[in-house]
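Enquirer: One structure coming up, written as structure tokens, with questions to follow.
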Amino acid sequence: MKVLVTSAWPYVNAVPHLGNLIGSILSADVFARYARLKYGKENVVFVSGSDEHGTPIEIEARKRNIEPKKLTDQAHAYDKKLFIDTWKISFDNYSRTESEVHKEFVRNFLVKLEKYIKVEEDEIPYCEKDKLFLPDRFIKGVCPYCGFEDARGDQCDNCGRLLTPRSLVNAKCALCGNPPVFKVTKHWFFDLSEFGDKIRDWISSSSTMPDNVKSVALSWVKEGLRPRSITRDNMWGIPAPFAGAENKTIYVWFEALLGYLSATVEYFKNLGKEEMWKEFWLYNDTKTYYFIGKDNIPFHAVILPAMLMASNEKYNLPSVIAATEYLLYEGQKFSKSRKIGVWIDEADKLMDVEYWRFILIRLRPEEKDTNFTWREALRIVNTELNDDIGNYANRVLSMVKRYYDGVVPSPKEAIFNDEDKNLITLIKESPKRMGELFELGKIKAGSEEILKLARSGNLYLNNRAPWSLVKTNKEEANNVLYISVNSLRTLAIMLYPIMPTYSSNLYQQLGLSNLESETWDSAGSLKIMPGHKIGEIRSLFKKIEMSPEELMKKLDEIRREVEKERPDLLR
Ligand code: MET
């Protein structure tokens, strides 16, 4: 079986914040790391990239009077480094929509949709001062649904509704602020109307698609799918491949979505295995996972599948679209302009990145919007990570060292009692349950299994008290430590997708090496044998001794420095 893992392509014109990170890329990374252990490294490909076209960048470039590509080159490099080097995101390919492979793929793909493409005249707002059509974000105004003051021509950032420029109240040119006129221009439309039934049948029959995704897709279909314009009069973008559309570019969503395909093509091309991408897109025995924020559901659950269907190539449709709800920051929306939140180039200077990864997975807004608070972040590190997991590991390892000179004792199965057997069952079942939840896109729920196992292990030690058993009943003490040392191997493997370095550290303390060569399916077996010598012990995690107020104060200091270093586009 092949597994394709994708995460939404971040717009390159803003540094992602922690909500963006957990919504897409970090969740996808945790899943990809799990999938490699479960299905084998060679059967998993994880792609994403920078979404770098679109009006906001063209606006910025115009304001600064430089080429948009200059701005995106810098910003792409900045983001890519942050993801890969700082946040340990294990992309197989982090591409960009300016990649030549992508541009060529998009142009070839779109001409294949010919049957469903219509040319129509459309009235587009036009700024007479700037001599420019004003699609999407070139135009701003008040959202007709929620009254948000800063809505864009294509979508309201507040309520998430898709908009048309006509529907905006008090529309203004985003560059000069003057009201636009409406001018007639020709555009190329992708006619989605034929795909309503197909999308409904596909999504409602899926047993793996999460409910929030199903309900958005079905309500779209119910409202009726209409032709959507896929061309723009912008200069910055991929030139439209249609005859007569030489001066137009492709609307950013219709090409960025194809990045999932083109980045897979590019990955294998770079490996010199040009045909192999097809195994991930055209063969039946593949599962495809998309990790996105909820505002992106219509594009992934309706538009992308419709494009794939329309191409007539039998591409695999998404198996699981794991769409998160929103992460709030201390009760408020993240806001760049109001500096509410934490950004991914700041967070790593405040706290260990793997601690962050754990915090964010534990706060992943899986069922509902979730509030990030510093108090909760500290609780997660100090209680869950340090006490529940770290102390448990340390208790077990120290006892093996103290009572057995670091050598794992021999169990005697005939005298296993119920508590022994229960922990063995939990060792066996926890990774299995975690994997099943992960495969439904439930990453936070899956992570719960780690804590359940660690807490049960702690209780087991308390109840069985091996420190006194060693004096009164050595055989039972042997059993307890044999079983609990094995539970640590299980825990290390389960922790790996979230905390790759710390889990490897635990694995080494167990006297084992190369955690990445483990398999998920073996995580629940008791593979540490009697006579095995454990490694050197040290405490795994440290408590954070700062208060929320102190952390926030330090963040302010960090922010002042970081903002100076950001590339132009990201200031
Ligand atoms: N750039 C989009 C966003 O951040 C996602 C594109 S996914 C192909 O919402």
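Glycine too: its Cβ is placed from the backbone N, Cα and C atoms.
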Enquirer: Of 10-20, 175-185, 461-471, 505-515, which range does Swiss-Prot call motif ''HIGH' region'?
Expert: 10-20
Enquirer: Of the residue ranges 93-97, 193-197, 293-297, 333-337, which one carries the motif ''KMSKS' region' annotation in Swiss-Prot?
Expert: 333-337
Enquirer: Please report the number of other Cβ atoms within 10 Å of the Cβ of K336 (ATP binding site).
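Expert: Around K336 (ATP binding site), other Cβ atoms within 10 Å: 12.
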Enquirer: Have a look around C156 (Zn(2+) binding site) and count the other CB atoms within 10 A of its CB, chains all included.
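Expert: Result for C156 (Zn(2+) binding site): 23 other Cβ atoms within 10 Å.
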Enquirer: Taking the Cβ of C146 (Zn(2+) binding site) as the reference point, list residues of the same chain whose Cβ is under 8 angstroms away and which are at least six residues distant in sequence.
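Expert: Listed in sequence order, they are C156, N158, C159, R161.
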Enquirer: Pop the Cα-Cα gap between C143 (Zn(2+) binding site) and K336 (ATP binding site) into the table, whole Å please.
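Expert: About 20 Å separate the Cα atoms of these two residues.
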Enquirer: Among C143, C159, the binding-site residues in question, whose Cβ has the most other Cβ atoms within 10 Å in this structure?
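Expert: Of the binding-site residues C143, C159, the highest Cβ count within 10 Å belongs to C143.
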